[in-house]
Protein chains: 2
Amino acid sequence: MPSPARWTAALTLSAAAVCGPLALPAAAAHAAPAGPASLYAPTALVLSVGHGERAADATAERAVTLSCAPTPSGTHPAPAEACAELRTVDGDPASLSPGDGVLCTKEYDPVVVTVEGVWRGKRLSYERSFANPCVKNAYGPAVFAF
Amino acid sequence: MPSPARWTAALTLSAAAVCGPLALPAAAAHAAPAGPASLYAPTALVLSVGHGERAADATAERAVTLSCAPTPSGTHPAPAEACAELRTVDGDPASLSPGDGVLCTKEYDPVVVTVEGVWRGKRLSYERSFANPCVKNAYGPAVFAF
């Protein structure tokens, strides 16, 4: 015969199965691989790239939007991959590091990348210049490939 | 008999009809109500809103992406209306003014809005606090309604 603890657990699970979906907000209808926190903390970014050393001096040649919750979306060409890459560094582009085995020439043709907006409710403002586009892509093969 | 000038014009038009569409980039396949400039100059924005007087001190309670070219899109709830409203001020949120006949209480419950990113290739960084949400919505009934 089941113990009272088991009964309680079974009842709780049944109640969750019945009531859980009704209690969740509409956004929960979308799968959120990053976990429950991303259902409520907004993530919306805009990324730009231009030639130069400083964003203030460089024309934004390309700019894309990227949203990572409830589902990856935006004008970024690969939102799912870009969001996954940002999750590996907890939304901090400064923590991205180049992958092993990536070879780039030492040509100096600087490009500057900006990432601005909100990552899980926290404001984000990032700017970094790379010696050339190959180096940029080594640091962010998904997120900086736009 | 047609003049040489007319022949030249006719030939030029024929050449444009044959070669023009082939020379356009893929983005031209999308309708761009804002005109040819928006086909090439990127527009990608991220907007946030939070309670407080300064964005640095206020948690971003909501944040949405907005892209206006080649077509309005983003997690903003009304991208087409928001882009149209921004076009009326040439992408400068500081030039938005409250519509006639909007009445708000004088309650002080400040909200701060930020708009960052790129408007037609030009970097944009805007922050403004409003006395309460009603005043915010009076200034940007479409663009700030998220």
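For all residues, glycine too, the Cβ spot is worked out from N, Cα and C.
Copied over from TrEMBL:
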type     : residues          : note
SIGNAL   : A:1-31            : signal peptide
DOMAIN   : A:41-132          : domain 'Subtilisin inhibitor'
DISULFID : A:CYS68-A:CYS83   : disulfide bond
DISULFID : A:CYS104-A:CYS134 : disulfide bond
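Sequence features annotated in TrEMBL and their locations in the structure.
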{"residue": "A:CYS68", "record": "disulfide bond", "Cβ within 10 Å": "26"}
{"residue": "A:CYS83", "record": "disulfide bond", "Cβ within 10 Å": "26"}
{"residue": "A:CYS104", "record": "disulfide bond", "Cβ within 10 Å": "15"}
{"residue": "A:CYS134", "record": "disulfide bond", "Cβ within 10 Å": "17"}
Alpha-carbon distance [A:CYS68 (disulfide bond); A:CYS134 (disulfide bond)] in Å: 25
Number of helical, extended and coil residues in the domain 'Subtilisin inhibitor' (A:41-132), per DSSP: 13 helix, 33 strand, 46 coil
Nearest-integer angstrom distance between the alpha carbons (Cα) of A:CYS68 (disulfide bond) and A:CYS104 (disulfide bond): 30
Average model confidence [pLDDT] within the domain 'Subtilisin inhibitor' (A:41-132): 95
Rounded Cα-Cα span from A:CYS83 (disulfide bond) to A:CYS104 (disulfide bond), Å: 25
